[in-house]
Amino acid sequence: MKSGRRSPIYIDLRVVISYPKLMDELSKLMWNFAAPSISKYDTVCGVPYTALPIATLISVRENVPMLIRRKEAKGYGTKKLIEGDINVGDVCVIIEDVVTTGSSVLETVADLRGAGLKVTDAIVIVDREQGGPENLQNEGIKCHSVCTLMQIISILKESGKVDSIMVEKVKAYLEDNNDVTPIYPVVKTSKATIPFETRAQQAPCEVSKLLLKLMARKKSNLCVAVDVDQANDLIDLAKLLAPHICILKTHADLTKNFTGEISRQLHALAKQADFMVLEDRKFADIGNTVAKQYSGGCFEVSRWADLVTVHSLPGDGIVKALEEENAKIEEPRGCFLLAEMSSEGNLITTEYIKGSTQMASKFPKTVAGLVCQSLLLADQPGIVQLTPGVRRGEIKEDSLGQRWVTPEEAVIEKGGDVIVVGRGITGAKCPEKEAKLYQEELWAAYEKRIAI
């Protein structure tokens, strides 16, 4: 058994896929048995692999949208773990063939909830009576089982397929193994559905806490990337955009005449107008070098930037370096780890994403969030998701591989907390007016997300 126990009986329902009519009847039986007692559902998801074709039959016949949970995400393409049209807050019913301890169902639940979905019910064919329904109930999931193992054994005995000795063996086995509890972490509530002010109270990173409070106070989840050639233009744009943003994102190394005086003006303006400054430096060197780049050099970034972006590629040393430098500064500082990118053909792999999330969890007081295109670390409310690649209108990509999604897609489908907009605002005829439109549209999407 998956639980590690040796059992006198094993139920293999995989062969049912070779009998289409039987599989169809089974799917009807499952749905008709359980659906009337399920108050709400938007989608179904079959636990890999036997339940997948059964879930497909239910989806087609009942016209219920279906989702597929991969055992592991692909290292190319969308790199998603959950495939299908995902809407944060939708209720998903799980379809499973056999439940023993419930661990397989709970693995699927964790990934679905991690994607922002709600899971309250699971329909299964056979309950092996080894604690599965109870374990699922502890996680807020009702298990609807068509039959139990002992019911099957009783029917087999009545039809002469097994003898009394086997019945007693199975009965004794179940009596000795009916309290197996799966050790598997389950995401009970996705951070995507929690209000920013509530998440702020649970944030271990001081900058993350302040940012979430700022966003709630200002009703803005808009970050504008001000990539301009001249430093004076940077300050002028910052003044115009200030009422509508929570973060101003800079690239100091592409702006001419970015002097210490300019950085002081920007820092003072941010304090006065209630926004944070994010220097999109994407540090990517060894710790010792990054420490010098961060606090010294021609920009002295740590003096004026509340937040910086960092590649996790070099390992823990890069975050440790920032941590040590931040200890020398009175004001709180933090960083965003780059976990995913919005550019076509980027080389970030599934393993790299996993490593980045692990690093974020390892340094909770320094890592304020992740730069990503999908909902990561859904069970950590203090981790802010910074999602770039967003633009209103018909333009979906540029000539250099940058791809854009709409504001609502970024917030609701991708789980973005802070949404980065660049040329869509800075290249507009009236940047201030455009920023206001983005602010209102993004905030409306956020309110829709937490109300689902």
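Each residue's number is its place along the chain shown, starting with 1.
Quick reminder: no glycine exception, Cβ is built from N, Cα and C everywhere.
Of the residues Ser295, Ser302, Ser342, TrEMBL puts just one in the substrate site with Asp227, Lys249, Arg391, Gln402, Gly422, Arg423: Ser342.
Neighbour density for Asp285 (active site, for OMPdecase activity): within 10 A of its CB lie 16 other CB atoms from the protein chains shown. Between Lys249 (substrate binding site) and Asp280 (active site, for OMPdecase activity), the C-alpha separation comes to 6 Å. Taking Cα separation as the measure, Gly422 (substrate binding site) is nearest to Asp280 of the active-site residues Asp280, Lys282, Asp285. Nothing from the active-site residues Asp280, Lys282, Asp285 places its Cα within 10 Å of the Cα belonging to Arg391 (substrate binding site). Secondary structure at Arg391 (substrate binding site), taken from DSSP and collapsed to helix, strand or coil, is coil. Within 10 Å of its Cβ, the residue among the recorded positions Asp227, Asp280 with the fewest other Cβ atoms is Asp227.
Within 8 Å of the centroid defined by the CB atoms of Asp227, Lys249, Ser342, Arg391, Gln402, Gly422, Arg423, the record's substrate site, lie the Cβ atoms of Ala225, Pro388, Gly389, Val390, Trp404, Val420, Val421, Gly424, excluding the listed residues themselves.
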